Structures are given as C-alpha cells and as structure tokens.
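To start, the structure under review is shown below, and the notes come after it.
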Amino acid sequence: MLGGYGLIGSACIRALVRDGFSVVGIGRSIDKGKQSNPAIEWREINISTASTQDWRELLSNADIIVNAAGALQNGARDNLIAIHETSIARITEAIGDSGKKFIQISAVGADIQASTDFMRTKARGDQIIMQSKLEWYVLRPSLVIARDAYGGTALLRAASAFPIVNMRIFPEVPVQIVSVDDVADAVVQAASGSIRPKLLTDITADECYAFDQLKTIIRKWLGFPDWRYRFDFPPFLLKAIGAFADILGWFGWRSPLRSNALAVLDTGITGNSSTWISNGGRPCKPLEQVLDTMPATIQERWFSRIYLLVPFSIAILSLFWISSGLIGFYAQQNAQNLLISRGVEPSLAHLFVFGGSVADLLLGLCALAKRTCKSACLAMIGLSLCYVFGSIVIAPDLWLDPMGPMIKVFPGIALSMITLAVLNER
C-alpha cells in the first residue's frame, strides 16, 4: 500500500486487513505509519526518488500493489511529476509482465488536457499503468468524505463551520462525494478479483450538490446554527489567497487553498458511476447515509473551528518574534542602558541584547517553515521562560510596569503551546 498513512490509504489498509489480506504499508516515515496503524508491517521509501531497482526489491514478494500516494501541488515536499508519473513508470518497469495487480487511486477529472498540473500528471500516470502488462485498475474517486479530515475534506468542514457569515466560494459549482469506506471497499473488490481487471472507472455517489448546498449540509451535521449573513468572496481576493498559499507551499505547508485546489473546485468535482456499477461494483452510499454512520462530536466541531486559525496563529507568532528581534536591533542601545542601570556589565548587556535579538528573529523566521515550526515553538516557550526568570533576577521592577511587558510574555507562551498542539496534519 503506497501512501499507506494518508486519508485514503489508511482506510484501504483497514479494509484489506479485515478482508484477510496481509498488508505492508509504504511511506516516507515508518514512525508515521506505525502511528496510523501499528498492527501491520511498514517500510520506508521516498516514492519520488526511489529507483527501479529499489521498487524491484521492495515489491518482489507483493501480489497486489495499491497506490494511494499523491500530492496536490509542487512544493517544498512534493514534486507532481515525480510522484504521479516517474514513480509509476519505475514501478511498472520493475514488476514488468509479472502478472501482479496494480490498483491505482486517481481522481475524477484527471485528464491530459486539464487546466491544472495535478490533473494532468494524474492522467499521465494513469496512462502509464493502462499501457502496462499488469492487471490494472484505475479508480477515480470524487470528493472523499471521511471521519478523518485532510485536504479538501478539511477545507469543506472549515468553510462549513465559519462563524456567523457564510463565506460563499464557488457557490453554484457542482460537487459529488464518495465515502472513504466506499473507496476502500472498491479497492477490496478489485484486490479480491470480484471486479474484472483493466478497468478505468469513477468511484462516486450519484447525488450532485452545489458547493454552497454541500456546505450547508455539513454545517447542520456539525451542529452549528444557520449563518446570519452571507458574503460573496471576490474572485480577485480568492486568487490572491491561492497565490499566497502557493508561496507557503514552498515552505512546506500543504494548504487546501493553493491555486490547484481552487482551480479543481472551480471546474466542479463530478463523475459517473455507471462503469463501476455495470462491472459489478457496489453502489456508493449517498451523503446523508455517510454522515449518519459518523455522527459529529466535539472533536469534529473543534477541528472545524480551529483549522483556519492555525495559519493565523503561526503568522502572529512569526510576526511577533520577528518584530521583537528587529526592535531589539533598532533600540539596542536603550535596551543595553536598561540592563547596565541594573548592574549588568556593559559587555554582558551587549551580549544579552544582541543575542536575544538574533534569537528572536531566527525563531520568527523558523516558524514560517513547516519543517522547523515545531522546534521553533518549543524554543519560543523555552526562550520566553528564560526572559521571565532573567527579569526576576535582573529587573524585577519590570513586573510592576503599567504597560505590563513581562505579563504579556505569558499569552505568547500559551499561543506557542496551542500552535504546537495542533501542528500535525494527520
């Protein structure tokens, strides 16, 4: 199972194990795999860079390969051609005409002429599989609804939970959904041989919703009251948000508001289940039935409200610490004089002020990158506590300052702790 700890991959693993298959999960991190499902074997490989020989050795004992790996857009951690095309070409070359089954989980709308590189690379990867000698299946799910939330599913919940005002984005765009359990069941049907091979098919429920209608249904499922107002989001502002999210992608943040995601949503997410049904596939459950099987709890409500606050908390932390560092450089002499007036040696005062300013600036910059944000939050907490204890020893009178410079350290510590707690994507 490639992409085994992703939203779809983890559901497929659970379904395959329940059906008696022996499953090996493949991903970039064994630790994340074990967190997702500790009951199965995990192997670590970078799908983007693995060679044909790597795949030949890894897949030598596999009867069935399921590919649930994918990425939405190029960024610091992802290369669409490498993930969607090169890896598929190397895998098919590695296993040749071995007769193994290859189940590819693609996406509705994948087309070589599509407007986004996500859909184009997905389609080219699908073509590589379909031109191979393998027993292949290409399954193209619509918008996946799951108990877990990631990517488009997370964005849908967050948009549905927005307080007071209905932020209308592509309100009339048609969207079809599919339960992640139905996608996993389709994989099991293909793996068990109950569906004929060499099948290209959409996997989707038949009902189609306008995106705004879908948001309203999800909002009711979450248990939030109706919106009081509505606001039609200006296209130029949405485009600007997408461009900004693209930039953040190169810092490692996989925002569902990146331009590819918005472009896919703008064109609609629709499919046709007739090929699947006519070949013996089980019909996918309608949205109401899907939601009935996973009633919303406080966890879903908290996630939906907090999700959009995470980037704001990171931005505020980064701005605060960068500003603190820059102000420290600008007012360095005043800060040194304050310490010297309290008995600190001039050379030591210079070291404290200059070192503190550099540390503040670096922490603010590190918070902007996904890879270093967690470490930055931990360091922010530690450095803040150092400032607190240092002030008690050197300048206790600052605690009685009417502006409360030391008291204000604690909200910063709390924000760092909260951000640290909600950083994980999965």
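In case you wondered, yes, glycine gets a Cβ from its N, Cα and C as well.
TrEMBL labels come from automatic prediction, so no person has curated them.
Pulled from TrEMBL:
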type	residues	note
DOMAIN	3-190	domain 'NAD(P)-binding'
TRANSMEM	306-331	transmembrane segment
TRANSMEM	351-369	transmembrane segment
TRANSMEM	376-394	transmembrane segment
TRANSMEM	406-423	transmembrane segment
- Task: For the transmembrane segment (351-369), could you work out the same-chain residues 6 or more beyond its ends whose Cβ comes under 8 Å from its Cβ atoms?
- Result: 76, 251-252, 314, 317-326, 328-329, 332, 335-336, 339, 344, 375-377, 379-380, 383, 387, 390
- Task: Could you pull out which residues elsewhere in the chain have a CB under 8 Å from any CB of the transmembrane segment (376-394), counting only those six or more residues past its ends?
- Result: 317, 321, 339, 342-344, 352, 356, 359-360, 363, 366-367, 406, 409, 412-413, 416-417, 419-420, 423
- Averaged over the whole of the domain 'NAD(P)-binding' (3-190), what is the pLDDT? 93
